[in-house]
Amino acid sequence: MPKYVEGVELTQEGMHAIFARMGYGDITSGSIYNGVPTIDTGALNRQGFMPVLTGVGPHRDSGHWIMLIKGPGNQYYLFDPLGKTSGEGYQNILAAQLPMGSTLSVIPNGSGLNMGLCGYWVASAGLRAHQALNQHNPPTLLNVGQTITNEMRNELDHDGYRKITGWLRAVADEFPEGDPQLDGKALRENTEKDLKIEIPTLVLPGKDTSPKEMSVKPTAPQDKSVPVWNGFSLYTDDTVKAAAQYAYDNYLGKPYTGSVESAPANFGGRMVYRQHHGLSHTLRTMAYAELIVEEARKAKLRGETLGKFKDGRTIADVTPQELKKIMIAQAFFVAGRDDEASDAKNYQKYHEQSRDAFLKYVKDNESTLIPDVFKDQEDVNFYARVIEDKSHDWESTPAHVLINQGHMVDLVRVKQPPESFLQRYFSSMQRWIGSQATEAVFGIQRQFFHATYEVVAGFDSDNKEPHLVVSGLGRYVIGEDGQPIREAPKKGQKEGDLKVFPQTYKLKENERLMRVDEFLKLPEIQNTFPGSGKHLQGGMPGMNEMDYWNRLNSLNRARCENDVDFCLKQLQTAHDKAKIEPIKQAFQSSKGKERRQPNVDEIAAARIIQQILANPDCIHDDHVLINGQKLEQQFFRDLLAKCEMAVVGSLLNDTDIGNIDTLMRHEKDTEFHSTNPEAVPVKIGEYWINDQRINNSSGNITQKKHDLIFLMQNDAWYFSRVNAIAQNRDKGSTFKEVLITTLMTPLTSKALVDTSQAKPPTRLFRGLNLSEEFTKGLIDQANAMIANTTERLFTDHSPEAFKQIKLNDLSKMSGRTNASTTTEIKLVKETWDSNVIFEMLDPDGLLHSKQVGRHGEGTESEFSVYLPEDVALVPVKVTLDGKTQKGENRYVFTFVAVKSPDFTPRHESGYAVEPFLRMQAAKLAEVKSSIEKAQRAPDLETIFNLQNEVEAVQYSHLSTGYKNFLKNTVGPVLENSLSGLMESDTDTLSKALAAFPSDTQWSAFNFEEARQAKRQMDAIKQMVGNKVVLDALTQCQDALEKQNIAGALDALKKIPSEKEMGTIRRELREQIQSARQELESLQRAVVTPVVTDEKKVRERYDALIENTSKKITELETGKLPNLDAVKKGISNLSNLKQEVTVLRNEKIRMHVGTDKVDFSDVEKLEQQIQVIDTKLADAYLLEVTKQISALDNTKPKNQTELKTKIAAFLDRTTDIEMLRNERIKKHGSSKDPLDLSDLDKLSGSLQRINQSLVSDLITTIRVSINQMEAKTFHEQEKEIQQNFELLAKLEKTLDKSKTSEKLREDIPKLNDLLVAKQKAYPQMVQMQLKSEVFVTQLREVCQANHDDLDKTRNARLRELDRLDREAGITRMVGNLIWGLTNKVGLTTDERLDIRTKQQSLARFKNELFNDKIDTDQLISNLARKRPSELQEGLGISTDNAMELHLLLTELAGKTTSPDELEERMKAIDDISTKIGREPEHLKFVMVEEDESNKKTIGF
């Protein structure tokens, strides 16, 4: 690997080497590592300057070079190749490193010129700035900045970027020997020749035949999901924060009362009372809980298997409400500590006191916590028991795990040896959330430690210390044989578990304690612990030991222990960074923030756009015609799709803005259509002209720019269409709409750049309204990316993150257009009522957002973003944010802007420059034709004759001066002209043309012979000049045909100056000059490399292809036991096809030069996929055939089984359709016959099943309609409608057979039946209500009858008792006698009859008053009673009882006939009136008294 240059950037070693080569000796450089500067001011003062490498950290070795410069006295300067704004970002932290009283000024050089060459600029422009600023009379800082800017721009002109990068690649391993040089530019220019660098000429191939990147389809799994989080977080929730503050105020911020390690610590002059179990520790444990749940959810989305609790849930299933309760409990988990003692007795005491503190807090705040947070007191008691930890149950529920694991994770900072504890705690968490998630937790834990100024321990797999068995604090022992001592193997074990020895164990001879390095090499550890063989640096990387010690004891450490807000902010910053860093690690880094420089096609596009704007007459209805070149709709779509229009806009000028008026006058009647088909089209030209007449009659350019921006904001008809066209998702757009979009998009971008004054915000919102289905897809794609971007600890997961982001990238939704955004989330939530919100985080200023200007109050919050090609918006969070005003779920997608060459699409070149060059060729051909028409063939005789005359003059009487003039000046010109014309030697002719004597020279000879000679010479000069021009134009045409821009320019340079070619018409000279300028503009093009870190790209590709190959092999060898397995295999194969496409694209991107791309590794995978595809297709057909056969034999017994069969049928129909489409797709354009007979046979079987299902469903629906009742009408109606929907699906798949047509005829009849039922529904409801009222009336009649009879019975019984007394018979004797006489039939016991009747009537009443059955059942029960029972039970007449019995019988029979319902309701009214008018209750009537039995009564 090159040691001096990585990509196009100097490494730290390279920076030192270039300065040594220039003669500056062994310099000292500085750095800013992880935000912490390291500057040796002594070395800075000795050297006079110091290169400083910024932006490096634990996971980033390369960064950005800047330079500190020592000026006079205490004056220092800072040079940043990115420009003054970037440099100001380092000003404060670097000024703090300089001597007291120093001043650090930033050199105000321009931006946009770095081009990723910061190291080179430091060694060149930086050194020249140092020299200028240390002169005796130095220039002003402003002049230095301007000079540097001009020098950098001049170096980049004329293909400078490729020259510089070519030189850097040439010196990547070694700088050539030679003399010292003043600066990097001088060194480059003095060594380029010796290095023999070949800078390829800018030649465009006639046709770009290199492989093209292919688009990929999202592979986000549909079957793996977690509920979208509602936004709850430790860092934003006031309830949790209040609990933490309470815990601090009352416990954690108080001094210990015990004696063990209870002395307070002084950090930065501030006291901390509980440095190990205080506020910082507590808040970190709460942060871990959120982090563990977050990473568990990611693991579930990745399809990993997580540990389950007794209720079947996992950590991934923890809800926001549950996590809130857990965090509140965590706030008090160590609040009860008296000191740092941890023995069993004190441990239990502390936890009881912590429990009491928690309970007291809840009681003190009961009104806000119950039931809003905790459901009830029992819920509170549960968490109190977890805090108490009486039974040391650490895994029963998520609360037990998160509270105890959170505490445990934080202990790593104070445990020794760290390797033993980290492995133990890692394995403890690993079972719950998996290995990758656990790595992420412990990786972010280190960032939390840094953020809260805690010590970060290293991890050394080679540690020779004795290993500590964390559980029980024991030891493992190596025995005499050099192997670990183990327990006896258990059943099924090959070898026993490691035997644990107490620390008091006395080693025997030849025994020793197992070391850490030995423990980590054990097979059982290596198989489960990814840290085996790995190393982690302790402390703060890049910081020396003393500085780190000072950091751990700083005031900020104390603030973390004493300030809840400060500590939470530190943790939140670290947590947010941990979500972003894994994304950046997955991609090649990009040092600059500025937009990339234009490529050759974008320059050509800008020139074409300028020509159209200046001359809109070239616009026709369906094309643009320029210099014979016909540009149709696809050309302009290519410009929108492949050019970065913001870059194109940077090449336009105010004249182009002014030409909008010209364009709009030409397009006065062109209609522009909104994407809403119901919207009225608007004539865009007429709109613009009227707007300018009213608002900008003076034609002010700045106002015109604002008006252009205002037009962009018009979503009613303009922007919706422009946005859709720009993103290639429009339908039915006209040519003019596509053309105007192409012209206006870069113009709008330029207007935004020119008018925006505000600093770009770091957070923007964009509101959208999307369908539920589309939103679900976005959530799945976002989750797939989020789940695979995890912080590393030991294992690099970045290749998988790269792949998932490439596969599921959502950036295209915000690309290719000037998207409107806002800094106010209320606007998108309340005003726009968006159901999807894109929250775009831009901490590095990569989006280049521009404020939308001065169009009314409130618009200062509006910003427009044209997403740069090399910037992606990568999701880091998806949040469920309540409901919209329409009741829809609102989702917030949080993205972070990340810049990398990996995002730059590799378009084929030439799509714009090829037609542009043809335009120039056509223009020059026209010039050449005009010159040829005016030019005669060269008259060589004229030259011969003049030569003879010149020779003859030597013998004439003319002056010696004239003779010498002809001999020395005219003669050679004639000779060269003749030679050049005869040999068609353009160089000789050019030299001759330049040597023709001037008019001034001729004026010295004022006689006729000289004047005659001059006239002849002028004619020859015109002849030679025209020949030179024609030859140059011919060469230029040849070069343009080969698309050799440099060759064409070289040819045009041979055309004589205006003075020398004065005989050519002015307009022709102007056309030549115009073509030259157009071609020269192309030479400013920059080819932005898509690979800047070859090592990273190669390693990433190797990891990806290894992983994909492994998955293909697993699929290849996997079993397919059933249809589900086959379908899963097909789904996996589909995803693998997309992964292979990503690999192919990466191979294309890695390709440089003209060599053929070696796709052999990718093609091998593609061949495997093809074999698997065939295997799966065969298995799919076989399993579907089995399923269809089984379906045919299934006989549904009820509606549920029928629906199951229908669902299976629809699935099989889809299966057959998929098989059919896939077979057609594979057959392609083959001329061989396509055999679908097997699928046709299966379709026939399905058709028979379909007819059976339709018939069954029709019957089911008819029965359901007939059984509809008023009280359950809507539920039944809903179910029937669902059945109708199923029926509609089935009907679509029915064929045209007679059986099917007959079934189709029955469907409308069902609908009519339902409609009739729906029409009868109001009367059914009325009937139901009347029935309920009627039952209530019957109950009243029954109750009245019962009460009257009860009174009569009681009176009669009292009367019988009186008669008994009067007869002198006691009750006992009487009962005995009557019992005997009753038994033999001589008498009747009136009392027994009364009681029997009483019980009968009570049963009737109880049945009537039974509230456990509904009204219909009650009526049905009454209908089964005899009229006599009704008469007795209700106390009504015989006639009414008979009439009531008939009515109840009718009511028990269901009907929906309006007439019948009406009749029944009338009958209810009639009988109600009759029984309401009575009741003539039955009374006891005395019968004729019998002397022998005075107790007989009759009814």
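Just so it is clear, glycine is given a Cβ too, placed from its N, Cα and C backbone atoms.
Between GLU155, GLU860, GLU1058, the residue that has 5-glutamyl glutamate written against it in Swiss-Prot is GLU860. Within 10 Å of the Cβ of ASN769 (NAD(+) binding site) there are 13 other Cβ atoms, across all protein chains. Taking every protein chain shown into account, CYS118, LEU768, LEU770 are the recorded positions, and of these the Cβ with the most other Cβ atoms within 10 Å belongs to CYS118. Cα of CYS118 (active site, nucleophile) to Cα of ASN769 (NAD(+) binding site): a span of 43 Å. For GLY767 (NAD(+) binding site), the number of other Cβ atoms no farther than 10 Å from its own Cβ, over all displayed protein chains, is 20.
Rounded to a whole number, the C-alpha distance linking ARG766 (NAD(+) binding site) with GLU860 (5-glutamyl glutamate) is 15 angstrom.
Summarised as a single figure, the pLDDT of the region 'Mono-ADP-ribosyltransferase' (760-1000) averages 90. According to DSSP, GLU772 (NAD(+) binding site) is assigned to a helical segment. There are 22 other CB atoms within 10 A of the CB of GLU862 (NAD(+) binding site), with all protein chains counted.
For the NAD(+) site, whose binding residues are given in the record as ARG766, GLY767, LEU768, ASN769, LEU770, SER771, GLU772, GLU862, the maximum C-alpha distance rounds to 27 Å. Following the DSSP three-state reduction, the secondary structure of GLU860 (5-glutamyl glutamate) is helix. In this structure, the CA atom of GLU772 (NAD(+) binding site) is 32 Å away from the CA atom of GLU860 (5-glutamyl glutamate).
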